[in-house]
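Trainee: Residues or ranges marked as domain 'Major facilitator superfamily (MFS) profile' by TrEMBL: 1-148. Per TrEMBL, transmembrane segment is recorded for 36-53, 60-79, 114-142.
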Amino acid sequence: MDPTAIGLIFVGAALGQGLASPLAGIVADYRGTRFTMLAGLILLAVTMVAVSVGGSMPAIATSLCAAGLASAFALIPILSRMAELVSASDETSHSTAYSLLNFALDTGMIVGPLLGGVLVSVLGFTTGILGASAVLFVGVWLSHARLK
């Protein structure tokens, strides 16, 4: 596929996230950060399944746009949620919590694409994406069960 076409497809993901970010903030304010993040993660897992079985480029582009929207709901409330949790704790300072969050996000941005590339090269695109989606579903389920 043409590199320009690939770039344009991923513009859809950024566009979806950018347009949904203000809405995600509003939903987090009204429904709570935990609800918004879990809903975003579930939607992200579903949209990644759609990406893996999309078939045509328009279907994949649409699925990635929806994944961008889901990412907004999963990521926008992170700082607010962390502030809620840190404020409830006497043991951790906000500075330490924010630095650990940045470390975790940066590590994920480094390790995620490397691991994803290995999974896709070993298992194939569809199986790799479906596997990542399954891990995301399990993570959401464990998080929800733990936080009840």
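Note that Cβ sites are derived from N, Cα and C of the backbone, with glycine treated the same way.
Describe the structural context of these features.
Mentor: Outside the transmembrane segment (36-53) by six or more residues, the chain places 24, 27-28, 59-60, 63-64, 66-67, 69-78, 81, 125-126, 128-130, 132-134, 136-137, 139-140, 143-144 with a CB less than 8 A from a CB of the stretch.
Listed as Cβ neighbours of the transmembrane segment (60-79) (distance under 8 Å, sequence separation of 6 or more from its ends, same chain) are residues 8-10, 12-21, 23-25, 27-28, 33, 36-37, 39-41, 43-44, 46-48, 50-51, 54, 98, 101.
Within its own chain, the transmembrane segment (114-142) has Cβ neighbours under 8 Å at 38, 41-42, 44-46, 48-49, 51-53, counting only residues six or more beyond its boundaries.
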Trainee: For the domain 'Major facilitator superfamily (MFS) profile' (1-148), jot down how many residues DSSP puts in helix, in strand and in coil.
Mentor: 131 helix, 0 strand, 17 coil
Trainee: Quick one: mean pLDDT on the domain 'Major facilitator superfamily (MFS) profile' (1-148)?
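Mentor: Result for the domain 'Major facilitator superfamily (MFS) profile' (1-148): average pLDDT 87.
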